[in-house]
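If you check Swiss-Prot, you get these features:
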BINDING   3-17  FAD binding site
Amino acid sequence: MRVVILGSGVVGVASAWYLNQAGHEVTVIDREPGAALETSAANAGQISPGYAAPWAAPGVPLKAIKWMFQRHAPLAVRLDGTQFQLKWMWQMLRNCDTSHYMENKGRMVRLAEYSRDCLKALRAETNIQYEGRQGGTLQLFRTEQQYENATRDIVVLEDAGVPYQLLESSRLAEVEPALAEVAHKLTGGLQLPNDETGDCQLFTQNLARMAEQAGVKFRFNTPVDQLLCDGEQIYGVKCGDEVIKADAYVMAFGSYSTAMLKGIVDIPVYPLKGYSLTIPIAQEDGAPVSTILDETYKIAITRFDNRIRVGGMAEIVGFNTELLQPRRETLEMVVRDLYPRGGHVEQATFWTGLRPMTPDGTPVVGRTRFKNLWLNTGHGTLGWTMACGSGQLLSDLLSGRTPAIPYEDLSVARYSRGFTPSRPGHLHGAHS
């Protein structure tokens, strides 16, 4: 089957890889001159299935009000003048109760754990290089309340069979030795030993090269004007004066998916702006070993070979990509506070990207009402964590194979009234 994939970020390229491996003739289209040059370029670098959780959580509405008056707040909102933003925020607020949080986190962890397994298999099969580390993730708590709240997430981890360690502050240095110097600032941590780290851009570009060698065609520097449809199916992609035709089409444009699908399929994907610093390592024994998550500031500190990536924060501000100095100061403050000897912060590269977020935090993966239009978007801050699993799942569905995990509650249909997913663990055949 001829398949066109729109988007060459980590999700689009992973989709191309798995569809090619399933025997399809794949073409990837992107406006950029190469793969992973937008949202996948400099994300936090963590592959943390156990920490997969929606921003829509109990207590967030009240916290959001408090954060409005804090200099280093992890969340900021600025109205962009669109009804879509208001509707999206309202849907997000409706997901902030405990029952929705547990449901959403459960399916996010399910997909993320599966994705980590897919990445492990891909690594074993291809020996793909991306400065990966398999040293786990350590979530740090600065208050006793945060430490106590961890028990809520532990319930989900236990249900999913995810191993963990809940550590008091005196034991944090067993996992991250450099934290011995700052343990007095912390109340404890939650460590997930099976989590990983890696450079998402390096992974995506290397996978794109391997996919191209396997027969995938990449059409870079090719802006997409619109999808052409006749009411029942898509019959082409208009790129300037050219119409590119295929048997199936996959939307993986990230935050830009919503606008491209306007008038065809309504999807609640909105850009969530984030920032990162990439810092050269100064002292090896003062740098992180793997990934740290600062629960207070919602910031991740990730170790690559000779660099530290510091990333996080969420701004609901539309498609604004301005680099704001106060955000840089927050990232610098957190990394200096936890790893004062770790990196040459003054030499850091500052970056921002737009993560495609759904109100419930879960991506939309699967077929639409059009029989040949498929979605793989809306992964929010977890595109790197979920990319391989989402790509494999999409490939299975499009190819008519039964996926390895429950999938019905991952489709855009969950936003339809009256939608009832199958019981967990029960799998139907593909729709196609």
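Note that Cβ sites are derived from N, Cα and C of the backbone, with glycine treated the same way.
Feature map: Swiss-Prot annotations on the structure.
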residue: Val3; record: FAD binding site; DSSP class: strand
residue: Gly9; record: FAD binding site; DSSP class: coil
residue: Ser15; record: FAD binding site; DSSP class: helix
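Taking the Cβ of Val3 (FAD binding site) as centre and 10 Å as the limit, one finds 26 other Cβ atoms among all the protein chains shown. Take the CB of Ser15 (FAD binding site) and look out to 10 A: across all protein chains shown you find 31 other CB atoms.
With a cut-off of 8 Å between CB atoms and residues at least 6 apart in sequence, the same chain places Val28, Ile29, Asp30, Met251, Ala252, Phe253, Gly254, Ser257, Thr377 near Gly7 (FAD binding site), listed in sequence order.
Here the binding-site residues are Ile5, Gly9, Val11, Val13, Trp17, and the one whose Cβ sees the fewest other Cβ atoms within 10 Å is Trp17.
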